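Trainee: Structure provided below as structure tokens; questions to follow.
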Amino acid sequence: MDESNKMGFLGATSYVIGNIIGSGIFITPASILRNVDSIGLSLLIWVLCAVIAILGAICYIELGTSIREAGCDFAYICYVKWYSIAFAFMWVSVLMTYPATIAICAETFGQYLIEGLKQYYEIDEALVPTCQKLFAYSLLFLVTWMNFFELSKFAARFQILATVAKLFSCLLIIGTGFYFYFVKGWHGYLENPMQGSKYGTGNLILGFYGGLWAFSGWDVLNYSTGEIKHPKRNVPFALLTGISVVTAIYVAINVAYFVVLDVESVKQSDAVAAIFSRETLGDFANIIPFLIGILLIGSLNSNLFSGSRYMYAAARQGHLPACFSCVNGETESPRVAVLAQSVLALMISYIGDLDTLITYVMFGFWAQRIFSLVALLIIRHNHIPVHPDAVRVPLFCIYLFLIITVALVIIPIFYEFQSTALAIAICLFGFVLYYVFIEKAIFPRWLVTLNKKVTLWCCILFDCLPDVKGGVQLLASDSSQALLSERLSSTRLSDDSLPDLHSDEKNIMRRNGSAAGLKMLISSVPSSLVDLISDVQ
């Protein structure tokens, strides 16, 4: 790539800041308080989460500058040839982590919309949970439908709007809270900040899960280190600067919340910003829930886009059924993967509340990081060749972050077994699938037939065609292989990167080449599909 097209320090720093600040800051204050029960301990957890994020960023600086491949943890684990482990975590990400993230955004949108409508209408409290679900599902349906079509123009403009809403909301909350503290003298709730603190190990770890959820996304540059100018210099500075700015914003927002709201008020609602604005901004508060709603739509849109592309990439590698690689020729949208992620999000939303969903997501994140850190230690101790311009960090930083990561994974197994057992079960099932099917590449006849039929009907129903890498055996028939061979490589979605989980700003993956090849291929679909139908029958 031409150096002039790469991100510099300011671009990379803004990318880190924009990627971290998302729906988490409007969800997790309540989640943390429900676990630790005090303002002071809650603020301390926020600061310590920032320290953990900075420590993690230091370790990932070495990983990102040593292994300059797209995919972050997936790429690092594959670098030491632990393909089965990489597959198992990919499996967890596709089935649970991405859908849970999408579900969190949708559920929170429903909560804030209800808070906004309560200012105009009387809503029976017994109907509130049902209404929240309906609003969440309506939004998910709308965003799913939009992702079926060309998104470049819409997504670019909409994400700019969401980013402006995000920063405006944060600054408005901070300015209002500090005004009430310094000008109006509202100090009451901050006078005994440690009162009622719960110091149990389980309470603290689950509190950290909430804070770390809000900070997640600090590893965003590791998904595209090769697209940054002078990564040896800019990656470390951008990561550390971005996390420091986010830390200041997060702590300031939480202080602003607690100037106005007591512990119980925050604990009883995940829509904290809506309650805060209602207490302080008068009539202007009416727009805050809807402003945050716009932010959450942007978060859901980018997470659904990322999750579906991750699923598409895995299917194209032959690690998932071929139907999930099906791409529409006109829009280049992997429609089957988009729908699959939405359906999984709907299913996961019934498993538990927001705190439970956050636990699912964070457990998957941190479990995967254990293997990335162990891979880094193996690379260091075995002197495995890496990029010559790699940044070396002190070994004690890697070991310290590894210890923290192991604690964040193991302790919740004992204190929140139900929330973590599902993630463990799916991961172990992924190992079984890899060794039974992927490594040996031996499929029973009934599974091959099922794959053919499902892929065929997905092609018909979603007006799309499968897109798999060369060498991956998708369908056995001559006509189907001829159909696949006509797909030009320049029409495929980008091979260069896997999208990140918590990005609110990574709107659209880079697309290589033009759509001319797909358009040409689409014209031949009817006759090819007739041949495929004959083969299946």
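We count from 1, first residue shown onward.
The backbone N, Cα and C atoms fix where each Cβ goes, glycine too.
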Trainee: Looking at 12-33, 320-341, which one does TrEMBL call transmembrane segment?
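Mentor: In TrEMBL, the transmembrane segment feature sits at 12-33.
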Trainee: Restricting to CB pairs under 8 Å, which listed stretch, 12-33, 39-61, 287-306, 358-379, 391-415, is in contact most with the transmembrane segment (421-438)?
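Mentor: Answer is 358-379, with the largest number of Cβ pairs below 8 Å.
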Trainee: With pairs fewer than 6 apart in sequence excluded, do the transmembrane segment (391-415) and the transmembrane segment (39-61) have three or more C-beta pairs that lie under 8 Å?
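Mentor: Checked: the transmembrane segment (39-61) vs the transmembrane segment (391-415), in contact.
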Trainee: Do the transmembrane segment (235-260) and the transmembrane segment (82-114) come together with 3 or more C-beta pairs under 8 Å, pairs six or more apart in sequence?
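Mentor: Answer no: the transmembrane segment (235-260) and the transmembrane segment (82-114) share fewer than 3 Cβ pairs below 8 Å.
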